[in-house]
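Asks: Submitted below is the structure of interest, expressed as C-alpha coordinates.
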Amino acid sequence: MSKKRFNEINIMRIIGFLLVVDQHILGGYAQRPEASFGDSMVLHFLYLIGRPAVPMFVAITGFTLFNSNYQGFNLKNFYIKRILNIVLPYLFWSFATIIIFHKYNMLKNLIGVIFSGTASYHLWYMGMIIRLYIWFPIILKIWTFIMKKDIKVKYVCYAVFCIVYLIILKNNQYLTEEISKLVFGEPTFYQKRFIQYTPIYWSIYFVCGAAAWFNYEFLKSLAIKYWTRILLIQIPLTIYMYYTQICSRLPFYFPRINYFYLFYILYMLNMIILIYILSLKLNEKLESLKAFIEELSGLSYGAYLIHVIVLQKAAAIIRDNVPLKSYLLSGLLIFIISSITSLAACWVIQYIPFAQYIIGVKRKTLKLTYNLSESINQS
(Lines of atoms letter the chains of each structure in order from A and count residues from 1; the text may use other names and numbers.)
(Lines give C-alpha, C1' and ligand atoms only; values in the text may rest on other atoms or scores of the structure.)
Protein backbone atom coordinates (compact mmCIF):
# COMPACT_ATOMS: atom_id res chain seq x y z
CA MET A 1 0.00 0.00 0.00
CA SER A 2 1.40 3.39 -1.00
CA LYS A 3 1.41 6.48 1.17
CA LYS A 4 -1.98 8.16 1.14
CA ARG A 5 -4.16 10.41 3.20
CA PHE A 6 -7.04 8.97 5.18
CA ASN A 7 -9.64 11.60 5.96
CA GLU A 8 -11.45 9.15 8.24
CA ILE A 9 -8.31 9.11 10.42
CA ASN A 10 -8.48 12.91 10.61
CA ILE A 11 -12.04 12.62 11.89
CA MET A 12 -10.94 10.01 14.43
CA ARG A 13 -8.30 12.42 15.72
CA ILE A 14 -10.92 15.10 16.28
CA ILE A 15 -13.23 12.64 18.03
CA GLY A 16 -10.27 11.40 20.08
CA PHE A 17 -9.51 14.92 21.27
CA LEU A 18 -13.14 15.36 22.37
CA LEU A 19 -12.98 12.03 24.22
CA VAL A 20 -9.84 13.18 26.07
CA VAL A 21 -11.61 16.35 27.22
CA ASP A 22 -14.58 14.18 28.19
CA GLN A 23 -12.34 12.04 30.42
CA HIS A 24 -10.67 14.94 32.15
CA ILE A 25 -13.86 16.87 32.93
CA LEU A 26 -16.80 14.48 33.06
CA GLY A 27 -14.66 11.62 34.36
CA GLY A 28 -13.29 13.84 37.10
CA TYR A 29 -16.77 14.99 38.12
CA ALA A 30 -18.04 11.39 38.13
CA GLN A 31 -15.65 10.64 41.00
CA ARG A 32 -16.85 13.55 43.16
CA PRO A 33 -18.57 12.16 46.29
CA GLU A 34 -20.72 15.31 46.51
CA ALA A 35 -22.21 14.68 43.04
CA SER A 36 -25.80 13.43 43.17
CA PHE A 37 -26.41 9.76 42.48
CA GLY A 38 -28.20 10.52 39.20
CA ASP A 39 -25.47 12.89 38.01
CA SER A 40 -22.80 10.39 39.00
CA MET A 41 -24.41 7.56 37.01
CA VAL A 42 -24.65 9.64 33.82
CA LEU A 43 -21.16 11.09 34.28
CA HIS A 44 -19.70 7.61 34.73
CA PHE A 45 -21.30 6.51 31.47
CA LEU A 46 -19.94 9.54 29.61
CA TYR A 47 -16.53 8.87 31.15
CA LEU A 48 -16.68 5.27 29.93
CA ILE A 49 -17.38 6.51 26.40
CA GLY A 50 -14.26 8.68 26.63
CA ARG A 51 -11.89 6.04 27.97
CA PRO A 52 -10.85 4.61 24.56
CA ALA A 53 -9.21 7.95 23.67
CA VAL A 54 -5.65 6.97 24.57
CA PRO A 55 -5.82 3.43 23.07
CA MET A 56 -7.25 4.98 19.89
CA PHE A 57 -4.49 7.58 19.65
CA VAL A 58 -1.86 4.86 20.11
CA ALA A 59 -3.55 2.79 17.38
CA ILE A 60 -3.64 5.84 15.08
CA THR A 61 0.06 6.37 15.79
CA GLY A 62 0.83 2.80 14.69
CA PHE A 63 -1.32 3.22 11.58
CA THR A 64 0.16 6.56 10.49
CA LEU A 65 3.79 5.73 11.29
CA PHE A 66 3.70 2.68 9.04
CA ASN A 67 1.76 4.55 6.38
CA SER A 68 4.45 7.26 6.30
CA ASN A 69 7.59 5.20 6.79
CA TYR A 70 7.19 1.56 5.78
CA GLN A 71 8.13 2.01 2.13
CA GLY A 72 10.76 4.67 2.60
CA PHE A 73 12.31 5.36 6.00
CA ASN A 74 14.82 8.14 6.62
CA LEU A 75 16.08 7.99 10.20
CA LYS A 76 17.38 11.56 10.32
CA ASN A 77 14.24 13.11 8.85
CA PHE A 78 12.04 10.97 11.09
CA TYR A 79 13.64 12.21 14.30
CA ILE A 80 13.91 15.84 13.15
CA LYS A 81 10.22 15.91 12.29
CA ARG A 82 9.23 14.44 15.68
CA ILE A 83 11.47 16.84 17.57
CA LEU A 84 10.03 19.89 15.79
CA ASN A 85 6.38 18.84 15.66
CA ILE A 86 6.00 16.74 18.81
CA VAL A 87 8.77 17.25 21.36
CA LEU A 88 9.17 21.04 21.21
CA PRO A 89 5.43 21.77 21.61
CA TYR A 90 5.38 19.30 24.50
CA LEU A 91 8.29 21.08 26.18
CA PHE A 92 6.69 24.49 25.57
CA TRP A 93 3.40 23.56 27.23
CA SER A 94 5.11 21.68 30.04
CA PHE A 95 6.96 24.88 30.96
CA ALA A 96 3.78 26.92 30.43
CA THR A 97 1.85 24.65 32.79
CA ILE A 98 4.53 24.89 35.46
CA ILE A 99 4.50 28.69 35.26
CA ILE A 100 0.72 29.21 34.97
CA PHE A 101 -0.09 26.94 37.91
CA HIS A 102 2.97 27.97 39.97
CA LYS A 103 4.47 24.47 40.15
CA TYR A 104 7.95 25.88 40.61
CA ASN A 105 9.12 22.95 42.74
CA MET A 106 9.09 20.87 39.55
CA LEU A 107 11.95 22.97 38.21
CA LYS A 108 14.22 21.28 40.75
CA ASN A 109 13.78 17.96 38.95
CA LEU A 110 12.95 19.17 35.46
CA ILE A 111 14.43 16.18 33.63
CA GLY A 112 12.34 13.79 35.71
CA VAL A 113 9.22 15.88 35.07
CA ILE A 114 9.78 15.95 31.30
CA PHE A 115 10.61 12.26 30.88
CA SER A 116 7.74 11.11 33.11
CA GLY A 117 5.22 13.62 31.74
CA THR A 118 4.19 14.95 35.14
CA ALA A 119 4.01 18.70 34.50
CA SER A 120 0.25 18.09 34.21
CA TYR A 121 -1.88 15.01 34.73
CA HIS A 122 -2.57 14.54 31.01
CA LEU A 123 1.05 14.81 29.87
CA TRP A 124 1.97 11.29 31.00
CA TYR A 125 0.85 10.31 27.50
CA MET A 126 3.59 12.46 25.98
CA GLY A 127 6.26 10.87 28.15
CA MET A 128 5.03 7.51 26.91
CA ILE A 129 4.48 8.25 23.21
CA ILE A 130 7.84 10.00 22.75
CA ARG A 131 9.56 6.81 23.87
CA LEU A 132 7.52 4.92 21.31
CA TYR A 133 8.83 7.28 18.62
CA ILE A 134 12.37 6.63 19.85
CA TRP A 135 11.85 2.88 19.56
CA PHE A 136 10.05 3.02 16.21
CA PRO A 137 13.10 2.39 13.96
CA ILE A 138 13.72 -0.87 15.86
CA ILE A 139 10.02 -1.76 15.72
CA LEU A 140 10.05 -1.09 11.98
CA LYS A 141 12.99 -3.46 11.43
CA ILE A 142 11.36 -6.23 13.47
CA TRP A 143 8.05 -5.77 11.67
CA THR A 144 9.72 -5.77 8.25
CA PHE A 145 11.52 -9.01 9.15
CA ILE A 146 8.26 -10.68 10.23
CA MET A 147 6.38 -9.49 7.15
CA LYS A 148 8.81 -11.41 4.93
CA LYS A 149 7.89 -14.68 6.63
CA ASP A 150 5.15 -17.20 5.86
CA ILE A 151 1.58 -16.33 6.91
CA LYS A 152 1.66 -19.03 9.61
CA VAL A 153 4.76 -17.47 11.14
CA LYS A 154 3.00 -14.10 11.20
CA TYR A 155 0.00 -15.56 13.01
CA VAL A 156 2.23 -17.33 15.53
CA CYS A 157 4.16 -14.11 16.21
CA TYR A 158 0.93 -12.17 16.74
CA ALA A 159 -0.53 -14.88 19.00
CA VAL A 160 2.63 -15.02 21.12
CA PHE A 161 2.67 -11.23 21.37
CA CYS A 162 -0.97 -11.16 22.56
CA ILE A 163 -0.37 -13.85 25.19
CA VAL A 164 2.77 -12.16 26.52
CA TYR A 165 1.01 -8.80 26.51
CA LEU A 166 -1.90 -10.13 28.59
CA ILE A 167 0.52 -11.63 31.12
CA ILE A 168 2.43 -8.34 31.36
CA LEU A 169 -0.75 -6.27 31.69
CA LYS A 170 -2.19 -8.53 34.37
CA ASN A 171 1.00 -8.14 36.41
CA ASN A 172 1.74 -4.52 35.52
CA GLN A 173 1.76 -3.21 39.10
CA TYR A 174 4.19 -5.88 40.27
CA LEU A 175 6.39 -5.42 37.20
CA THR A 176 6.41 -1.65 37.64
CA GLU A 177 7.59 -1.98 41.25
CA GLU A 178 10.24 -4.60 40.54
CA ILE A 179 11.62 -2.99 37.37
CA SER A 180 11.75 0.39 39.12
CA LYS A 181 13.84 -1.15 41.91
CA LEU A 182 16.01 -3.05 39.44
CA VAL A 183 16.77 0.01 37.31
CA PHE A 184 16.87 2.77 39.92
CA GLY A 185 17.49 0.98 43.23
CA GLU A 186 15.35 3.27 45.36
CA PRO A 187 13.23 4.95 42.70
CA THR A 188 11.93 8.49 43.10
CA PHE A 189 8.35 9.44 42.26
CA TYR A 190 9.38 10.53 38.76
CA GLN A 191 11.43 7.40 38.11
CA LYS A 192 8.54 5.16 39.13
CA ARG A 193 6.17 7.13 36.90
CA PHE A 194 8.62 6.74 34.04
CA ILE A 195 8.42 2.94 34.36
CA GLN A 196 4.68 2.96 35.07
CA TYR A 197 3.86 4.65 31.76
CA THR A 198 6.00 2.51 29.51
CA PRO A 199 4.74 2.09 25.92
CA ILE A 200 4.78 -1.67 26.49
CA TYR A 201 1.53 -1.43 28.47
CA TRP A 202 -0.14 0.19 25.44
CA SER A 203 1.61 -1.77 22.71
CA ILE A 204 -1.39 -3.95 21.77
CA TYR A 205 -3.12 -0.89 20.32
CA PHE A 206 -0.03 0.18 18.40
CA VAL A 207 0.28 -3.30 16.89
CA CYS A 208 -3.42 -3.39 15.99
CA GLY A 209 -3.13 0.03 14.35
CA ALA A 210 -0.13 -1.09 12.32
CA ALA A 211 -1.84 -4.35 11.35
CA ALA A 212 -4.89 -2.35 10.24
CA TRP A 213 -2.72 -0.37 7.81
CA PHE A 214 -1.29 -3.53 6.25
CA ASN A 215 -4.77 -4.99 5.73
CA TYR A 216 -6.70 -1.77 5.37
CA GLU A 217 -9.11 -2.39 2.49
CA PHE A 218 -9.96 -5.90 3.71
CA LEU A 219 -10.61 -4.78 7.30
CA LYS A 220 -12.51 -1.73 6.10
CA SER A 221 -14.88 -3.93 4.09
CA LEU A 222 -15.41 -6.20 7.11
CA ALA A 223 -16.15 -3.24 9.39
CA ILE A 224 -18.71 -1.84 6.96
CA LYS A 225 -20.33 -5.23 6.33
CA TYR A 226 -20.56 -6.36 9.95
CA TRP A 227 -20.98 -3.07 11.81
CA THR A 228 -24.30 -4.16 13.37
CA ARG A 229 -22.67 -7.29 14.82
CA ILE A 230 -19.78 -5.22 16.13
CA LEU A 231 -22.29 -2.91 17.82
CA LEU A 232 -24.16 -5.86 19.36
CA ILE A 233 -20.90 -7.25 20.75
CA GLN A 234 -20.12 -3.85 22.24
CA ILE A 235 -23.36 -3.69 24.25
CA PRO A 236 -22.50 -6.42 26.84
CA LEU A 237 -18.90 -5.19 27.00
CA THR A 238 -20.16 -1.68 27.75
CA ILE A 239 -22.57 -2.95 30.42
CA TYR A 240 -19.76 -4.92 32.06
CA MET A 241 -17.28 -2.03 32.00
CA TYR A 242 -19.94 0.41 33.21
CA TYR A 243 -20.78 -1.80 36.17
CA THR A 244 -17.12 -2.04 37.21
CA GLN A 245 -17.09 1.77 37.36
CA ILE A 246 -20.33 2.36 39.27
CA CYS A 247 -20.50 -0.64 41.61
CA SER A 248 -18.73 1.27 44.40
CA ARG A 249 -21.54 3.87 44.31
CA LEU A 250 -24.28 1.24 44.58
CA PRO A 251 -25.78 -0.20 47.82
CA PHE A 252 -23.62 -2.72 49.66
CA TYR A 253 -25.58 -5.76 48.45
CA PHE A 254 -24.37 -5.17 44.88
CA PRO A 255 -21.14 -7.13 44.33
CA ARG A 256 -17.92 -5.14 43.90
CA ILE A 257 -15.86 -6.29 40.93
CA ASN A 258 -12.75 -5.16 39.11
CA TYR A 259 -12.59 -5.42 35.36
CA PHE A 260 -10.98 -8.43 33.74
CA TYR A 261 -8.14 -7.24 31.50
CA LEU A 262 -9.25 -9.23 28.46
CA PHE A 263 -12.70 -7.62 28.57
CA TYR A 264 -11.05 -4.23 29.04
CA ILE A 265 -8.95 -4.70 25.90
CA LEU A 266 -11.91 -6.02 23.90
CA TYR A 267 -14.01 -3.04 24.97
CA MET A 268 -11.30 -0.61 23.89
CA LEU A 269 -10.61 -2.29 20.53
CA ASN A 270 -14.28 -2.72 19.70
CA MET A 271 -14.98 0.89 20.61
CA ILE A 272 -12.14 2.04 18.35
CA ILE A 273 -13.67 0.06 15.48
CA LEU A 274 -17.07 1.66 16.09
CA ILE A 275 -15.52 5.14 16.14
CA TYR A 276 -13.75 4.25 12.90
CA ILE A 277 -17.06 3.19 11.31
CA LEU A 278 -18.66 6.44 12.52
CA SER A 279 -15.74 8.36 11.01
CA LEU A 280 -16.24 6.61 7.67
CA LYS A 281 -19.90 7.61 7.63
CA LEU A 282 -19.11 11.19 8.65
CA ASN A 283 -16.45 11.35 5.94
CA GLU A 284 -19.09 10.49 3.34
CA LYS A 285 -21.54 13.06 4.69
CA LEU A 286 -18.96 15.83 5.15
CA GLU A 287 -17.02 15.52 1.90
CA SER A 288 -17.40 19.26 1.24
CA LEU A 289 -15.70 19.99 4.59
CA LYS A 290 -12.66 17.81 3.87
CA ALA A 291 -10.15 20.70 3.99
CA PHE A 292 -11.65 22.08 7.21
CA ILE A 293 -11.59 18.64 8.86
CA GLU A 294 -7.96 18.16 7.88
CA GLU A 295 -7.05 21.53 9.38
CA LEU A 296 -9.00 20.81 12.56
CA SER A 297 -7.32 17.41 12.85
CA GLY A 298 -3.90 19.04 12.58
CA LEU A 299 -4.82 21.38 15.44
CA SER A 300 -5.99 18.55 17.70
CA TYR A 301 -2.47 17.85 19.04
CA GLY A 302 -1.98 21.44 20.15
CA ALA A 303 -5.51 21.50 21.57
CA TYR A 304 -4.71 18.36 23.54
CA LEU A 305 -1.61 19.99 25.02
CA ILE A 306 -3.43 23.13 26.18
CA HIS A 307 -6.90 21.83 27.04
CA VAL A 308 -6.16 21.23 30.73
CA ILE A 309 -5.08 24.84 31.17
CA VAL A 310 -8.26 25.97 29.41
CA LEU A 311 -10.61 23.66 31.31
CA GLN A 312 -9.20 24.56 34.72
CA LYS A 313 -9.56 28.26 33.99
CA ALA A 314 -13.05 27.70 32.55
CA ALA A 315 -14.08 25.60 35.55
CA ALA A 316 -12.98 28.35 37.96
CA ILE A 317 -14.92 31.02 36.04
CA ILE A 318 -18.08 28.90 35.79
CA ARG A 319 -17.88 27.86 39.43
CA ASP A 320 -17.71 31.52 40.53
CA ASN A 321 -20.22 33.02 38.09
CA VAL A 322 -22.72 30.38 36.96
CA PRO A 323 -25.10 29.09 39.67
CA LEU A 324 -25.19 25.43 38.63
CA LYS A 325 -25.51 22.86 41.41
CA SER A 326 -25.60 19.91 39.03
CA TYR A 327 -22.17 18.43 38.35
CA LEU A 328 -23.55 16.96 35.14
CA LEU A 329 -24.72 20.32 33.75
CA SER A 330 -21.62 22.21 34.85
CA GLY A 331 -19.40 19.43 33.50
CA LEU A 332 -21.12 19.49 30.12
CA LEU A 333 -20.82 23.28 29.98
CA ILE A 334 -17.10 23.16 30.80
CA PHE A 335 -16.65 20.35 28.25
CA ILE A 336 -18.19 22.43 25.45
CA ILE A 337 -16.32 25.61 26.37
CA SER A 338 -12.96 23.84 26.81
CA SER A 339 -13.22 21.88 23.56
CA ILE A 340 -14.15 24.90 21.44
CA THR A 341 -11.73 27.29 23.16
CA SER A 342 -8.76 24.91 22.93
CA LEU A 343 -9.25 24.37 19.19
CA ALA A 344 -9.95 28.07 18.60
CA ALA A 345 -6.79 29.05 20.50
CA CYS A 346 -4.72 26.72 18.32
CA TRP A 347 -6.35 28.14 15.20
CA VAL A 348 -5.14 31.60 16.27
CA ILE A 349 -1.69 30.37 17.35
CA GLN A 350 -1.03 28.84 13.92
CA TYR A 351 -0.77 32.37 12.50
CA ILE A 352 1.91 33.61 14.90
CA PRO A 353 5.69 33.16 14.49
CA PHE A 354 7.16 29.81 15.60
CA ALA A 355 3.69 28.19 15.63
CA GLN A 356 5.26 24.86 14.66
CA TYR A 357 7.20 24.77 17.92
CA ILE A 358 4.12 25.66 19.98
CA ILE A 359 1.31 23.51 18.56
CA GLY A 360 3.08 21.25 16.05
CA VAL A 361 1.71 22.71 12.80
CA LYS A 362 3.52 24.95 10.34
CA ARG A 363 2.80 28.64 10.60
CA LYS A 364 0.08 29.94 8.31
CA THR A 365 0.20 33.34 6.66
CA LEU A 366 -2.87 35.48 7.18
CA LYS A 367 -3.93 36.68 3.75
CA LEU A 368 -5.62 40.06 3.68
CA THR A 369 -7.06 41.16 0.33
CA TYR A 370 -7.59 44.80 -0.43
CA ASN A 371 -9.09 46.09 -3.68
CA LEU A 372 -7.31 49.40 -4.33
CA SER A 373 -9.36 50.41 -7.38
CA GLU A 374 -12.63 49.83 -5.52
CA SER A 375 -11.39 51.96 -2.64
CA ILE A 376 -10.51 54.85 -5.01
CA ASN A 377 -13.92 54.71 -6.69
CA GLN A 378 -15.68 54.80 -3.33
CA SER A 379 -13.67 57.84 -2.26
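In case you wondered, yes, glycine gets a Cβ from its N, Cα and C as well.
Automatic prediction, not curation, is the source of TrEMBL annotations.
The domain 'Acyltransferase 3' annotation in TrEMBL covers 7-349. According to TrEMBL, the feature transmembrane segment maps to 46-66, 87-104, 124-143, 155-174, 194-214, 226-243, 259-278, 299-318, 330-354.
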Asks: Go through the chain and flag residues at least 6 beyond the ends of the transmembrane segment (124-143) whose CB is under 8 A from any CB in it; none is fine as an answer.
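Replies: Counting only partners 6 or more residues beyond its ends, the transmembrane segment (124-143) has Cβ contacts under 8 Å with 54, 57-58, 61, 65-66, 69-70, 73, 75, 78-79, 82, 86-87, 90, 114-118, 193-194, 197-199, 202, 206, 210, 305.
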Asks: Output the single range from 87-104, 194-214, 226-243 maximising the number of Cβ pairs under 8 Å to the transmembrane segment (155-174).
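Replies: By Cβ pairs under 8 Å, 194-214 leads among 87-104, 194-214, 226-243.
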Asks: Would you confirm whether the transmembrane segment (194-214) and the transmembrane segment (330-354) meet the contact rule of 3 or more C-beta pairs below 8 angstroms, pairs 6 or more apart in sequence?
Replies: no
Asks: Can we call the transmembrane segment (46-66) and the transmembrane segment (259-278) in contact, meaning three or more C-beta pairs below 8 angstroms at a sequence separation of 6+?
Replies: yes
Asks: As a test of reading the model: what is the averaged pLDDT for the domain 'Acyltransferase 3' (7-349)?
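Replies: Average per-residue pLDDT within the domain 'Acyltransferase 3' (7-349): 95.
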